[in-house]
Structures are given as structure tokens and as C-alpha cells.
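J.: What Swiss-Prot shows for this protein is this:
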BINDING   Cys30, Cys212, His237, Glu241  Zn(2+) binding site
BINDING   Lys273  ATP binding site
MOTIF     32-42  motif ''HIGH' region'
MOTIF     270-274  motif ''KMSKS' region'
Amino acid sequence: MTSLTLFDTMARRKRDFEPTDPGRVTMYVCGPTVYSYAHIGNARPAVVFDTLFRVLRRLYGEDQVIYARNITDVDDKIIETARESGKPIEDITSHYADIYRADMGALGVTLPTIEPHATDHIPEMIGMVQNLVYSGHAYEADGHVLFDVSSYEKYGRLSNRDLDDMIAGARVEVASYKRSPADFVLWKPAKDDEPGWDSPWGRGRPGWHLECSAMSEKHLGKTIDIHGGGTDLVFPHHENEIAQSVCAHKGAPMANYWLHNGFLTMGTDKMSKSLGNVQLVHDLIKDYPGEVLRYALLTAHYRAPLTWTADLLAKTRRSLDRIYGVLRRLGEIEAAPSDVPPAFLEALHDDLNTPKALSELFQLAGNANKALSDVEKAQAKGELLAAAGMLGLGQADPDAWFGLTDLDPAERARIDDLIVRRQTAREEKDWPTADAVRDELNALKVQVDDGPEGSTWRKLD
């Protein structure tokens, strides 16, 4: 079996994955800031790293992989949302955290092993800041505690930026209490109407970068195997996480592998709330099965940009119809216990090459469709389901997928008969009969789609 290779942003190349302890593989991924609904761009890292989570658990064992994805529940945007709504911050954060879990669950995203909340880790954050102050890597100024970027000589290595160039290119007004424009906030004073906690520097709250460093250390250790997130987090968030964690831990690396997924775009623009070009997962799942959205997010390599369009979703649905059409035709054949086929695994082990894995999945669907004996069908069905499951796909009931579960048996038998008649007419090139049967099916509100594995149909509302 091929080894797992992953593209490490720090090394700027693919590397064989070698966990520090195969009995305890650790992964931390930056999760949502819960002040509003998640858009489909926010769902991309959730789906990407859920897929990696599945791969790692298959390689090392379900109980040997510890995956932490945090919840940021203290933030300027959260505070502003609470002010505008007149609701307590705790109500805002718990409400949107619940919706986030439900929306991601609809996309087949499994829950992480650990879901730490920032506000549950204030003592750890204060302790890390104290450590940085005592060791000369941070300083107090005007009620703030800031990280002294000049004290960490490798700052900018992850994002491949030069510190002097960053300082020279600073275009925003620099706070007077900063020694350098590049210094960033570890702890900030809290206003009377803002959430705050007592600290050696007065009542305040943590900076965003500090939160992830403290939570990662608390639950996974000083050096973890994998740290992931969107490419927009490389700088400044992950760069700052590295600086404060390495300096707090006497030079120990924060993570051995840094993984970043590409942007989701609408046209030529990155999808973002600030640009107002977002599509909310909460809305999309009203019009599409969550599996369609998940599949669409996997059609491009995770490091590449992905353009989100209605055409992409239409193609994705047709692709899933082909897979479920094969599973439906296999009917009552019980899937044989099967391992994931090697060619499919090879694609996933090559830096999560999901486009290649999806291509292999359709090869398996074709094999299942061509199987003749019940033994061959059972084996092919088992392999198809095992591979699809690695991607979080193909686990729904085929009849439910096509909207057939509530059909009267007599009506279903009639439709099946019409489908067979139309297929026979098409094979005999009797186009008038085929068209006439299709008209009958349209009158019954039946949508027929023809594909390489045969025709599939669904009952329309």
C-alpha cells in the first residue's frame, strides 16, 4: 500500500506523513467564529479535513486519531452581533454553534474528537501570555499585551514573507503602543459592556491568534502532527500562532505538517461575507441534498480554487444519480464485506487527490453495473460502498435518494415498466416509441436521466 503524502505549506512540497506517535495521531483545524450562518466557503475546510480524518482513522485506527476543531465564541464580530440584536453573547454563540454542527452534519461532516470553546480556556491563555512576557517575547503597553515579533527570528517562514518588507509595506495606521507595526495583540483590555476576564494586566480578553495556540496545546500537546485551515489563515493567523507557540515552548515546533485548502470563488472573487457574495449552507440544504454539496466540494483538489456555480451542482447531482442508480439496480443484493480498493486508496493517499478518487469511484460503479453473478454483484457493491464511504458519499437509501419511498407499489411498478419499455425502444432505435413513453413519464411527473450505467429516474414533487 502506498504511504500517505501531504503537501506541507511550511516545506512547500509534498512529504510522506509520519506521525510522532502512530498510537496518537493529532490534528487541529481552525473552526468557526459563531456569530452568523456558515457559507459554503466555510464548509470547504470542514469537508476537506473531515475527509482527511476518515483517511487517518482508516490508517491508524478510529481511536488513535485525535481531531480538534475549535469554536471561537469571543470575538469583535460576536460582540457587535450581540449589541445589534440585544441578545446575550452566550445565546448568540450557542445558537450559531448548534446551527453550524447541524449544517455540517447535513454535508456528512462527522463531529471532531474534541470541540474546544475559546471561553473555556481563558486560564490556559493567560498562562501562555505570562510565559511569553517572562521570557521576553511579549510586552505590556497601554493595557494591551503584545507579541514582540522581532524576538522570533523565523517569523514569516510559513507565509514566505520578509519581516522588513511587511513593516515597510504596512498601510494601516499603527497603534501608538506598538513597538513595531508587525507586533500583534495577545491580550486586549475589555470595555465595560464587553466580555472580559481578570488577568495580571487588568480585565480583558484574548487575541484571536492566542486562542488556537492555547487550545491546541491543552488538548493535543505542544507539538502536534497536523494543523489545518483555509489558505486565508496562512497569514497572519497561522504565522502568529507559530510565533507565540514556538516561543512559549522553548523552540518546539507547533505542528509538523501545515495543510491549507484553497478558496471557494464566485466568478473571479473569493466568496466572503465582506464582499456580500456568499451562499449559506443553511439555505443551500433546503434546495439540494447535503451529499450534493459535499460531492461538489470534493470535485477540485483541496489546494486548488473551486468556482461555485449552479452548473457545478447540477452536474454533481447527476453524478450521484449514477452511483445511486447502480446501487438501486443491485437491489436486495447484500454487499460483501470488502476493503477499499487499492487504486482508490492510492488517489486519496496522494495528498487527498479527491478528483482522482471520484474517477476511481465511477470505475467501481461501472464494475458493479457490469457484474453478472450474485457473488460478483455482492463483491462489487461492497467495494463501491467502502470507497464511497471514505468520501462520506453513497450511504443514503437509493429509493430515498430518488424520492421513491412514499410511492404506491402499483404506481412504482407502472413507472418501472415504462422505463423498461423506453430503454428497449432506445436500444432498437425506435425513437417515436421512446419519445411517446417519455411523454407518459413526464405526465406522471417522473424525471428520467440517461447515463453510461443506464437510466435513472426520480419522482418530482
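All positions are counted from 1 along the displayed chain.
Heads up, the Cβ atoms here are built off N, Cα and C, so glycines get one too.
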J.: With DSSP helix as H/G/I and strand as E/B, how many residues of the motif ''HIGH' region' (32-42) fall in helix, strand and coil?
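T.: Taking each residue of the motif ''HIGH' region' (32-42) in turn, the totals are 3 helix, 2 strand, 6 coil.
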J.: Measuring CB to CB from Glu241 (Zn(2+) binding site), give everything in the same chain under 8 Å that is also at least six residues away in sequence.
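T.: Counting only residues 6 or more apart in sequence, the Cβ neighbours of Glu241 (Zn(2+) binding site) under 8 Å are His209, Cys212, Ser213, Ser216, His227, Met254.
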J.: Mean pLDDT for the motif ''HIGH' region' (32-42), rounded to an integer?
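T.: Mean pLDDT, the motif ''HIGH' region' (32-42): 97.
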J.: Using C-alpha atoms only, work out the spacing between His237 (Zn(2+) binding site) and Lys273 (ATP binding site) and round it to an integer in Å.
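T.: Cα to Cα, His237 (Zn(2+) binding site) and Lys273 (ATP binding site) are separated by 18 Å.
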J.: In sequence order, which same-chain residues at least six apart have a C-beta under 8 angstroms from Cys30 (Zn(2+) binding site)?
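T.: Residues satisfying the criterion: Pro45, Arg69, Asn70, Cys212, Gly228, Gly229, Gly230, Leu233, His237.
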J.: Run through the Cβ atoms and count how many others sit within 10 Å of the one on His237 (Zn(2+) binding site).
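T.: 17, counting other Cβ atoms within 10 Å of His237 (Zn(2+) binding site).
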J.: Can you name the residues of this chain that are 6 or more positions from the residue listed as 'ATP binding site' yet have a C-beta less than 8 Å from its C-beta?
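T.: Those within reach of the residue listed as 'ATP binding site', by Cβ under 8 Å and sequence separation of 6 or more, are Ser36, His39.
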J.: Around the C-beta of Cys212 (Zn(2+) binding site), how many further C-beta atoms are within 10 angstroms, looking at every protein chain?
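T.: Taking every protein chain into account, the count is 29.
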J.: DSSP secondary structure for Cys30 (Zn(2+) binding site), reduced to helix/strand/coil, please.
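T.: Assignment for Cys30 (Zn(2+) binding site) reads coil.
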